[in-house]
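Structure first, commentary second.
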Amino acid sequence: SGAATATSAPSSAPLGGITAGTKADPGALPAKLSPAQRAELLSEANATKAATAKELGLGSTEKLVVRDVVQDRDGTTHTRYERTLGGLPVLGGDLVVKASPAGATEGVSKASKATSAQLKAVGLTADVAPAAAEKQALGAAKAEGSKAKKASEAPRKVVWLGSGSPQLAYETVVGGLQHDGTPNELHVV
C-alpha cells in the first residue's frame with residue numbers, strides 16, 4: 001500500500017558498535033596531570049617531533065607543531081599536532097598520534113586523507129597577490145552581511161586541505177559583528 005509502519009520493538013543491532021554489557025576500560029580514561037607533568041609531556045613531544053614526522057613518512061619540508069598531549073591512566077598518550085609545509089601552516093593537516101606507555105606508535109588519526117606526496121606537489125609561490133586575496137575575502141564577508149571595509153589581519157599564505165586536494169591559498173580574517181552585536185571573525189580561504 002506504500003504506507004510506512006512504525007514499531008516499538010527495539011533493534012537488536014548494537015548502537016555505535018557497542019554491545020550491551022560492555023564495560024569501559026578505566027585505564028583509557030584521561031589521567032589528571034599536574035601542570036609540571038603536562039609541561040614534561042609537551043617537552044618530550046617537542047623533543048621527538050622530528051623523529052615522529054620521519055616515522056609517519058612526512059616529507060622533508062613537512063614539520064610537526066605540538067599543540068597538546070593527553071595521557072590516559074594506563075600511560076597511553078595522545079599527542080595533537082598541526083603540520084607545516086615549507087614553513088606555511090597546513091589548514092586541515094592536523095593529526096593525533098596515539099602512543100603506548102612504552103612510546104610505540106599505536107595509531108594516527110588525521111583530519112585529511114591527503115598524502116605527503118600530494119603535499120610535496122603543492123607549489124609555494126602564489127599566483128594571486130595578497131591584496132587580491134583580501135579583496136576577495138571582503139567580498140565573501142560582505143555576502144555574509146559584514147560591513148567591514150578591510151581585513152582584521154593581513155592575508156597569510158597557507159596550504160589548504162579543506163577542498164580535497166592540497167593547494168596554496170591565502171587565509172584572510174575579516175572581523176565584524178553578528179546580528180546581536182556579538183563580535184565575530186570570518187576566516188576566508
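The backbone N, Cα and C atoms fix where each Cβ goes, glycine too.
Just so it is clear, the model here is predicted, and its values are computed rather than measured.
What TrEMBL lists as region 'Disordered' is 1-30.
For 1-14, the entry in TrEMBL reads compositional bias 'Low complexity'.
For 63-110, the entry in TrEMBL reads domain 'FTP'.
The residues of the domain 'FTP' (63-110), classed with DSSP into helix (H, G, I), strand (E, B) and coil, number 0 helix, 37 strand, 11 coil.
On the 0 to 100 pLDDT scale, the model's mean across the domain 'FTP' (63-110) is 95.
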